[in-house]
Amino acid sequence: MDVNTNSGSSVRAERKQQEKAKIIQREKQRQTVKTISKILQKAEGERTQEERALLQAHQDMVQELSRRQSRRFLLKRKQEEVFDDAENLKTKVKQLAEAVQQAKHVVIYTGAGISTAASIPDYRGPNGVWTQLQKGRSVSASDLSRAEPTLTHMCIWMLHKVKMVQHVVSQNCDGLHLRSGLPRHALSELHGNMFIEVCDSCSPAREFIRLFDVTERTALHRHGTGRLCPYCRAELRDTIVHFGERGTLEQPLNWKGAAEAAQQADVIVCLGSSLKVLKKYSCLWCMNRPANKRPRLYIVNLQWTPKDNLATLKIHGKCDAVMGLLMEELGLEIPVYNRPQDPIFSLAKPLSPQEQKSHTRKEIAPPSALEDASQDAQALGEAVAVQGGWFGRGYAKARKKK
């Protein structure tokens, strides 16, 4: 019995010694990595004989740290915003104008960068939602009901009106393309529209356009808005496609229209998109064709995109500035957004009396009501943080982290 007890104790003691040795070894490894990292930050002429010997003795570690440093540097470069100088910008826009004029079928892909001028932050820019969250910073609140179509939105509407652009594929959920006047058949909102809720129990699915953000109660894999279809009494759902989800609704996603437009396109213009999500949609890029038979690609973005090496031309400029110059080159007038004529007012369906209190989001209001709201906001002196919904998720994360 004593022999067995002693044997068990010695095994445990040996195991503890082995664990302790591993911990000591890992700590030594960490210290060595730390020391070598500091040495690599020095210029070669400043390194001592001992430091050179240490680097020589740990060549594998030096190579691995050098690779990591290169990756970090490359990532930092990709996140930097680059601006073309005024002369270069004009030259590039002139080339873009010639391409648009000569093309038979132009398709525009838009991202969050075209809405930053409407005070809606993008995602991956220096002040983007995901960038700020990664840095542990809070994201300031935005009243999305007060956002209006930007100069870029209105230029796209005009280009479609004069038949220079045939289709628009958007990743944005802000509904600003719809509000600019762009017809539904010429628009694919791949990630949904914050103003549209649908009944997918009806066949075909019924759409209900509202004057407020319908996503207050919705989130990833939870799309019920809490309101009911007046026809079948099933719960309505939002149209937002979150990260990790696959969009199945026919409208407003309009995948069929997007895929058909891409197949017919001879020129694709990407505006304000990092393309990190769009690049995954193979049907939008015609990659099954030989390179010389694919649509020519023109990218307008301040940061690197994964499609830069395939682009005929990359323009580093803000979307509004580029589109303003493009309209000038094409000899077209830039239309001004007219709030009273916003199509959403005629398309929106009012809530039933029982559902008037089913949301707390501000509604899009005509100019007179907007002025009153502005005075009320000034009196309060402070913005209220957005809660829930497709955009509020970022705010909630930021506040929780803070």
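Every residue gets a Cβ built from N, Cα and C, even glycine.
Whatever TrEMBL says is automated annotation, not expert-curated.
Owing to the predicted nature of the structure, the values given are computational and were not obtained by experimental measurement.
Within the listed segments 1-27, 55-81, TrEMBL records region 'Disordered' for the stretch 1-27. Residue with the densest Cβ environment among the binding-site residues CYS202, CYS229: CYS229, by other Cβ atoms within 10 Å. Counting neighbouring Cβ atoms within 10 Å of each of the binding-site residues (CYS199, CYS232), the lowest count belongs to CYS232.
Other residues of the chain with a Cβ within 8 Å of the Cβ centroid of CYS199, CYS202, CYS229, CYS232, the Zn(2+) site, are ASP200, SER201, ALA205, ARG206, PRO230, TYR231, ARG233, ALA234, LEU236. Within 10 Å of the Cβ of HIS191 (active site, proton acceptor) there are 20 other Cβ atoms, across all protein chains.
Secondary structure by DSSP for the compositional bias 'Basic and acidic residues' (12-27): 16 helix, 0 strand, 0 coil.
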